[in-house]
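Student: The following feature annotations were taken from Swiss-Prot:
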TRANSMEM  31-51  transmembrane segment
TRANSMEM  53-73  transmembrane segment
TRANSMEM  102-122  transmembrane segment
TRANSMEM  124-144  transmembrane segment
TRANSMEM  149-169  transmembrane segment
TRANSMEM  170-190  transmembrane segment
TRANSMEM  242-262  transmembrane segment
TRANSMEM  288-308  transmembrane segment
Amino acid sequence: MSIRERRLISWTPRRIRTTFLAYLALTKPRVIELLLVTTIPAMLLADRGTVDPLLILNTLVGGMLAAAGANTLNCVADADIDKVMKRTARRPLARATVPTRHALIFGLVLTVTSFCWLWLSTNLLSGLLAVATIAFYVFVYTMLLKRRTSQNVVWGGAAGCMPVMIGWSAVTGTIQWPALVMFLIIFFWTPPHTWALAMRYKDDYKAAGVPMLPAVATERQVTRQILIYTWLTVLTTLVLALATGWLYGAVALLAGAWFLVMAHQLYSGVKRGEPVKPLRLFLQSNNYLAVVFCALAIDSALALPTLL
């Protein structure tokens, strides 16, 4: 029996499934959920609910390919860190279930495909924004900022804000002020979201030598920063109300008050020296962003009268 025949026989249904799941894990599907939560509302706001469904579908497909490519290349660059941290030790490259070379090729193919898809199905600007996002996330955040500064997620988080820009540009072919405000909402939301999780896994970051803020600062300093960025997030969502109807404005105000209460509770608990549960803020921050952007989508789909 030849080597080729033995390799073909070794591809059992179980191995095929395991390999598929390993490559899927490289793309970090849960991270891609942010794309869905923010891109559709941005597109609906750009044209007040009259967007072609096919354009939305094409933008989502291209955006998901871009996010998958960025996440895969991130896994390649972070393979050494992932092996050390308990939270990431089961990732495919950390466990060597996918060869590094194959993961790199997979990530590059996804990147090129995302650019071509967005360029051909939407416009050149959206494709270029996707490639710029991937380059920024991999080279600026992952390879430069993440290992050198405690403010890594502040500036590196800009990559996670780009889906709204891509969605807006896919509809209009331009970038206008509401898109920039949505960018800032996610930009300010990212530090509280990420640092709350990092507080739970700060020992992991210390062991890996990653200067995430909770790993190098006191809990009081971290929660103070979380509080500041939470306020900035909520205030920015209210600025966006100028371009929306009353529904979004009301939901942004109520959800913002709820988000602020949770951030203040975390800060107050740390200040009093009480046991705190930062993971709760991390989980609820996801719900907060989803509620705000879902309200934006509904408001835009209904084409409610805007203030401006």
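Each residue, glycine too, has its Cβ placed from N, Cα and C.
These numbers come from a predicted model, not from an experiment.
How about a rundown of where these features are and what they're close to?
Tutor: A Cβ distance under 8 Å defines the sequence-distant neighbours of the transmembrane segment (124-144), meaning residues of its chain 6+ beyond its ends; these are 59, 62-63, 66, 69-70, 73-74, 77-78, 111, 114-118, 152, 155-159, 162, 165-166, 169-170, 173-175.
Packing against the transmembrane segment (170-190) from elsewhere in the chain are residues 34, 38, 42-43, 45-47, 51, 55, 58-59, 118, 122-123, 125-126, 153-154, 157-158, 160-162, 164, 229, 232-233, 236-237, 239-240, 243, 285, 288-289, 292: each is 6 or more residues past its ends and has a CB under 8 Å from a CB in it.
Only residues 6 or more beyond the boundaries of the transmembrane segment (242-262), in the same chain, are considered here, and those with a CB under 8 A from a CB of the stretch are 45, 177-178, 181, 230-231, 233-234, 280-281, 284-285, 288, 291-292, 295-296, 298-300, 302-308.
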Student: Sort out the residues at least 6 away from either end of the transmembrane segment (288-308), same chain, that have Cβ-Cβ distances under 8 Å to it, and list them.
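Tutor: Distant Cβ neighbours of the transmembrane segment (288-308) are 34, 37-38, 40-41, 44-45, 48-50, 185-186, 189, 193, 237, 240-248, 251-252, 255-256, 258-259.
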